[in-house]
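Novice: Take a look at what TrEMBL says about it:
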- A:CYS40, A:CYS41, A:CYS106, A:CYS135: [4Fe-4S] cluster binding site (BINDING)
- A:40-149: domain 'NADH:ubiquinone oxidoreductase-like 20kDa subunit' (DOMAIN)
Amino acid sequence: MGLNSAQKEVERGILLTTVDKMSHWAQKSSVWPATFGLACCAIEMMSVTSSRYDLARFGSEAFRASPRQADLMIVAGRVSQKMAPVLRTIWEQMPEPKWVISMGACASSGGVFDNYAIIQGVDHVVPVDVYVPGCPPSPEALMFGILKLREKIQMGLPPKYQEVAMARGGAS
Amino acid sequence: MTNDVGIIERLKNHFAEGLETVTSIDQPTVIVPRGQLLAFAEHLKSVEGYVMFNDVLVVDWFPARPRFEVVYQVYQPETRQRFRFKSFVDESESMPTMTGVWAGANWPEREAFDLFGVVFDGHPDLTRIYLPDDWEGHPLRKDYPTGGNRID
């Protein structure tokens, strides 16, 4: 009887989980975006980290100036043909696993800039995980996008570029 | 800002032929034949004191010939007066460069070359300034496609 109650007492303080779940939880709780503002969407992206919206609640407020320290790229604005190789280089410099959010109409589809200078959707350049609609999306919308990305990470779904690589039959 | 009302009269006296006055609501404007352009610019800077070069603009009158209307904007900082002169050029022809007269013409002329394909003879570095170096065509021409690239 005495042993049994002691055992119960110990079990109450133990949480059982898997290493995968644990690492996904850690990963989703500190998604650090790269500082990469391209246009007016960047203003909304900045305000999402400020006190009113406080992205720090979800551990993503630390915008890193170096892609080596970032695992999320928020493409905030239209991507010009001349900027595309720069964007691709920054994405390639980010350590894996890495995610991409396409923020706003311009990044997702070219938006109103249907002309020679603008890439018609950033998914022609980098694989995109979450698309956030809007022109520009409100900070709440971007935050919703980040929460969706967190869900995706927690579920253990691979980032889009790994998905693409697997679909092509190569090793991820 | 007041305009120099007598300048067109003085210029017409100095350049006996060729100058054509353009009616304009904001500032004195003349059309200069391409051959006289360099002499005209030298005169404008050294005699009239228009030492500051503001911009080169191009109008594409496609399909009219000659196709391009090149517009120059200059400024006289002491009297704070502005002046505009224009010239026409076709695709197969080239403009004299203004970089010898106003050094500030360098980048604006590169811009005109980049987006319209107007060639400026004697320019020290006539390469693209905005678009990537390997770009084909000149996007602000009227016969350039308006839509974006369709990759899908």
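Along the chain as shown, residues are numbered 1 onward.
Every residue gets a Cβ built from N, Cα and C, even glycine.
Map these features onto the structure and tell me what's around them.
Specialist: The DSSP secondary structure for A:CYS40 ([4Fe-4S] cluster binding site) is coil.
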Novice: With the [4Fe-4S] cluster site defined by A:CYS40, A:CYS41, A:CYS106, A:CYS135, which remaining residues of that chain have Cβ atoms positioned within 8 Å of the Cβ centroid?
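Specialist: The surrounding set, listed in chain order, is A:ALA39, A:ALA76, A:GLY77, A:ARG78, A:MET103, A:GLY104, A:ALA105, A:ALA107, A:GLY111, A:GLY134, A:PRO136, A:PRO137.
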Novice: Which residues of the same chain, at least 6 positions away in sequence, have a Cβ lying under 8 Å from the Cβ of A:CYS106 ([4Fe-4S] cluster binding site)?
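Specialist: Long-range Cβ contacts: A:ALA39, A:CYS41, A:GLY77, A:ARG78, A:VAL79, A:VAL112, A:PHE113, A:ILE118, A:CYS135.
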Novice: Same chain only, sequence gap of 6 or more: which residues have a CB within under 8 Å of the CB of A:CYS40 ([4Fe-4S] cluster binding site)?
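Specialist: Expected: A:GLY77, A:PRO136.
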